[in-house]
Amino acid sequence: MARRAKKMASNSGDSSPEPGIKEINETWKGAIACLGVALLFLMTIGVLYWQVVEKPDTNWVLRGQVSGLVWDKKSLSFSFKSLSQDKTFARIDARHLPVRGGALLNNHCWFNTTRFCHTWDGVANLQVTLDTPNQSVAECYRVEWTPLNCQVALQDCFSMVNTSWYGGGSMRLQYWPINNANINSQPFVISDLQDTPTGYGSVLERYFLGSTGVAVRVHQEVPLHVGIESRKQLCLGIPPNAEMQPLRYTICVSDSLRSAHQQFGTVIPVVQPDQPDTSILRLPHWRSQRVADIALKLEHNLKTFTRKLKLHRLGEGIMDLGEQSTLLLSNEVDETLQSQNRYRGLRQLRLSITLSPFTSIDSHHFQTTLQEGRENLWLGLPSAANGSQGPLLMKWKGKFAVKLNISNEEAQDWFIEQVHSLQRRLEVDYVNLEVGVGSPYVGQAQHHSCRLCGDDYINQFALLAEKLGNGTTVSAATRTAHLPVFVRMVPRQSDWSHAGLKGLIPSILHYSLLGYSFFIPDVIGGSLTDGFLADEELFVRWMQIATFLPVMSFSTPPWVFGETWIVNVTRSCIHRHQTFVVPLLMKYAAEWTSLGHPVFRPLWWVSPSDPNTFTINDEFLIGDEVLVAPVTESGKVHRDIYLPGNSFQWKDMNTAQVFEGGTLLREYPVALTEVAVFIRQKSKYTPAIAEIQQATT
């Protein structure tokens, strides 16, 4: 028994596990389970945190080779950025999108890497198409917003933060850049700034350029409205309309604003254009303020004025006749053949005549066309009685008149013959055409044709002006920068404000950027004044700028101030214009016709990566070689002057001092009888400029 008990005890000990193994296994299992639960908990918390706190507000919706389009759901805005996101070309707020419900966007144009599509239900469809121009490292995007409701007002607003904007329409208060302007959103059409001072003036293009290297061009068929919120946003839009017309524009990005403008802002026609008649540049233009009610009195006034020019040794000039004086001579010449001999002395003068597409209903021309049954020469409306066309009456300079039917080839031929006939009879070469502004059918509810909507009349009238010869000047222009005609600048106030002298250089740069380098500036001292200009300092400072423009125009003769020194300064400015400036303009006119480069250039043209040049509005370049820095502040004989281009050297024409580019000259002395002019040294044009300088001495 004892031995069996001992054996059983021995067997029992052999079958039991090793001490602690079971406890250890259970501990590891519990630890692993706890760790898994903890990881799952942390992952859940992480996902929830990402969803609530860290989820990104932006996403790429379209990518090109050098740039792309980014959507920001928080601000409801799009940004065109470089792929590295170190540069923002443009930030656009889509104001028509709903304020709530912002989310990251998905591309509804499936599997299309060059197009982005998205729909905001009940609001608008968006389609953005990437387009890389041939032989270009830059990229363009065609943007199209289509409203889904006739109550939707489409509006894209481009931020002005860290971006200077240029282009668009001329303004009464002209700024360079346009960031400081403040204009309510309104139809983007040419208007008379005297009647509508907050509108857009005589030169206008649907083109905007940003200092970040971005160019925007709105498609022509868009019924565009443009507004500028000072230093905040430039807004392009379409008001609600029954047709639900889309907002279409193309935005292009490049490495600098100059390259963006050269690639996308310059429109070079297939056929190289002729230059305007540059003979008009050499002689100053004079406008007599004496009123005449008969042709003989007008002739007497002109001859008297011409004798005074010779008396003060101011040389020859072109006498600008207004429309009233032109019609006075035209009617007199028509009335009698004896006028061929009577006004022989008048024909010995150099005259510029002024005409318009308007004809008074009391005039012989209008009555004759009615008698001949040629009512179709004039714009008309269908008659309610029999459906035939009746001439459309409108006001022109206080009188009832009719307007040339520019869409009728017969009317165009008739007008051209009338102008050429008058030129032959008066023996004049230069014609100034006042076109009027706005659509002639505004306010005519029964007229549904859009042949002459917006600025179509102005555009077609400029095409007609080209047929009259390249000595023709038009009072307004759009989409015709390639034509060999001159464009007259808007009238300016006779003061030192941005509506007066301070707005002159911004206007020069604005016209040139849009392609209109051959312009006729307003008269020295401004034409929006009664009688002669009384401020002699304003007259001199204004004349110093005009010396470097295509034409010097006067309505206040220098002798009225009774100061010999003013006459002497005038004589000196005219001489400098004829011997130094005009040859320069001729040189750079060749670049305009072949490359589309502006003749008058902002400082950033030679230093596009220098932000100091983006906002300089009181200096300008002629070509790449001559920098003009006039005084535009009353009572000042010193001014700050910035010389662009770190690798350039600039020589003062007055003192022969040479300065390094990239330098700010503080309080640089500029006497009342002087204007600061600098010549770029060691450039390809330096020898030619030296020859011009030598010829002036």
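Glycine residues also receive a Cβ, built from the backbone N, Cα and C atoms like all the rest.
The N-linked glycosylation site annotation in Swiss-Prot covers ASN112 (among others). DSSP assigns ASN112 (N-linked glycosylation site) to coil in the three-state reduction, outside any helix or strand.
What Swiss-Prot lists as N-linked glycosylation site is ASN134 (among others).
In this structure, ASN162 (N-linked glycosylation site) belongs to neither helix nor strand by DSSP; it is coil. For ASN162 (N-linked glycosylation site), the same-chain residues that are 6 or more apart in sequence and have a Cβ closer than 8 Å to its Cβ are THR88, THR212. What Swiss-Prot records for ASN162 (among others) is N-linked glycosylation site, and it gives sequence analysis as the kind of evidence.
For ASN386 (among others), the entry in Swiss-Prot reads N-linked glycosylation site.
For ASN405 (among others), the entry in Swiss-Prot reads N-linked glycosylation site, with the evidence type sequence analysis. Just so you know, the Cβ of ASN405 (N-linked glycosylation site) picks up 24 other Cβ atoms within 10 Å once every protein chain is counted. The DSSP secondary structure for ASN405 (N-linked glycosylation site) is coil.
Taken from Swiss-Prot, the feature N-linked glycosylation site applies to ASN470 (among others). Sequence-distant contacts of ASN470 (N-linked glycosylation site), defined by Cβ-Cβ distance under 8 angstroms and a gap of at least six in the same chain, are ASP274, GLN275, PRO276, ASP277, PRO484, VAL485. Secondary structure from DSSP puts ASN470 (N-linked glycosylation site) in coil.
For the recorded site, ASN568 (N-linked glycosylation site), the DSSP three-state label reads helix. Cβ-based neighbour count (10 Å, all protein chains) for ASN568 (N-linked glycosylation site) stands at 14. The N-linked glycosylation site feature in Swiss-Prot is assigned to ASN568 (among others).
The annotation region 'Disordered' is assigned in Swiss-Prot to 1-20.
Marked as topological domain 'Cytoplasmic' by Swiss-Prot: 2-29.
Among the features that Swiss-Prot reports, transmembrane segment is placed at 30-50 (among others), with the record citing sequence analysis.
Cβ atoms under 8 Å from those of the transmembrane segment (503-521) belong to residues 166-167, 170, 173-176, 203, 205, 207, 209, 261, 265-267, 275-276, 285, 432, 473, 477, 481-482, 485-490, 492, 497, 542, 545-546, 549-551, 553, 588-589, 592, 596, 598-602, 617-620, 630, 632 of the same chain, restricted to positions at least 6 beyond its ends. Residues annotated as transmembrane segment in Swiss-Prot: 503-521 (among others).
Here the transmembrane segment (542-562) has long-range neighbours at 280-281, 284-287, 289, 305, 308-309, 312, 314, 320, 486, 501, 504-505, 508, 517-527, 532-533, 536, 569-570, 573-574, 576-577, 581, 585, 600, 620, 622, 626, 628, 630-632, 674-675, 677, meaning same-chain residues at least 6 beyond its ends whose C-beta is under 8 angstroms from one of its own. Look at Swiss-Prot and you will find 542-562 (among others) tagged as transmembrane segment.
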Number of Cβ atoms other than its own within 10 Å, given for ASN112 (N-linked glycosylation site): 13
Residue pair ASN568 (N-linked glycosylation site), ASN405 (N-linked glycosylation site) - Cα distance, angstrom, rounded: 49
PLDDT averaged over every residue in the topological domain 'Cytoplasmic' (2-29): 49
